[in-house]
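Colleague: Quick one: the structure is below, questions incoming.
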Amino acid sequence: MMEVLLRLLVTQVILLALATSFVSCYDPNPLQDFCVAASETNRVFVNGKFCKDPKSVTANDFSYSGLNIARNTTNFLGSNVTTVDVNKIPGLNTLGVSLARLDFAQGGQNPPHIHPRATEILVVTKGKLLVGFVSSNQDNNRLFYKVLKRGDVFVFPIGLIHFQMNVRRTRAVAFAGFGSQNPGTIRIADAVFGSNPSIPQEVLAKAFQLDVKLVRFLHIVFGPPLW
């Protein structure tokens with residue numbers, strides 16, 4: 001009986017050791033688009049941000065004011081996103097969370113985009129929003145969408161294309177939480193047709209089955225200003 005118990009104990013210790021080694025060897029999630037290994041010690045960037053001396057930390061490092069203020073939505077999208085991430089609240093560093101306020105004019109939208117480093121959870125506090133996300137190619141690019149009213153919540157899985165659009169004739173407001181201190185944002189149209197330098201027109205024309213002249217026009221619309 002004692003021999004059986006001893007074997008069980010040894011097995012548990014081995015499994016615990018293996019689990020601990022897996023945890024300690026796991027790479028941290030990226031906190032920016034890329035982190036290239038640096039050979040020059042005087043030009044070192046870390047995955048995230050360096051830590052401030054704890055003795056010099058104050059309450060101001062953990063706070064942000066003004067998220068109650070409505071933002072200007074007089075732009076071609078009719079929306080404004082106010083992000084509160086580690087760049088606004090230094091105390092968020094290493095904590096893995098951030099948030100944003102989304103303001104929408106009548107018919108305004110937050111166009112199809114992705115957050116490469118975070119899942120998003122959104123709650124509507126004013127108006128009605130049509131929201132949705134598209135699953136991956138493996139899942140046949142299914143669209144999951146819903147109209148949200150005040151108090152409704154919706155989740156957008158990490159890395160999937162999603163959008164929000166105001167479907168009422170009044171302003172709409174929502175707040176979003178992210179599972180990263182720096183979730184990142186890639187607006188699909190801006191990235192594809194406004195990259196710098198531009199993706200070759202022939203590539204986009206074939207990929208989207210468009211005329212090269214239309215691709216050239218879209219490069220002008222979404223590309224950097226010409227003046």
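Here the Cβ of each residue, glycine as well, is placed from N, Cα and C on the backbone.
Values in this document were obtained by computation on a predicted structure and should not be read as measured data.
Straight from Swiss-Prot, here's the annotation block:
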type	residues	note
BINDING	H113, H115, E120, H162	Mn(2+) binding site
DISULFID	C35-C51	disulfide bond
DOMAIN	65-216	domain 'Cupin type-1'
CARBOHYD	N72	N-linked glycosylation site
CARBOHYD	N80	N-linked glycosylation site
SIGNAL	1-25	signal peptide
Colleague: Taking Cα atoms as reference points, rank the recorded positions C51, N72, N80 by distance from E120 (Mn(2+) binding site) and give the first.
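Modeller: Given the candidates C51, N72, N80, the nearest one is N80.
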Colleague: Which residue, out of the binding-site residues H113, H115, shows the minimum number of other Cβ atoms inside 10 Å of its Cβ in this structure?
Modeller: H113
Colleague: Is N72 (N-linked glycosylation site) helix, strand or coil when read with DSSP?
Modeller: coil
Colleague: Just checking the recorded positions C51, N72, N80: which sit within 10 A of H115 (Mn(2+) binding site), CA to CA?
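Modeller: Matched recorded positions: none.
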Colleague: H113 (Mn(2+) binding site): which of the recorded positions C51, N72, N80 is the nearest Cα neighbour?
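Modeller: Its closest listed neighbour, by Cα, is N80.
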Colleague: Are there any residues in the same chain, six or more apart in sequence, whose C-beta is under 8 angstroms from the C-beta of N80 (N-linked glycosylation site), and if so which?
Modeller: R71, N72, T73, L102, D103
Colleague: C-alpha of H162 (Mn(2+) binding site) to C-alpha of C51 (disulfide bond): distance in Å?
Modeller: 33
Colleague: Out of N72, E120, H162, which of the recorded positions has the smallest number of neighbouring Cβ atoms within 10 Å?
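Modeller: The recorded positions N72, E120, H162 were compared, and N72 has the fewest Cβ atoms within 10 Å.
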Colleague: Using the Cβ centroid of H113, H115, E120, H162 as the reference point for the Mn(2+) site, which residues of the same chain not in that list have Cβ within 8 Å?
Modeller: I114, F133, F156, L160, I161, P183, T185
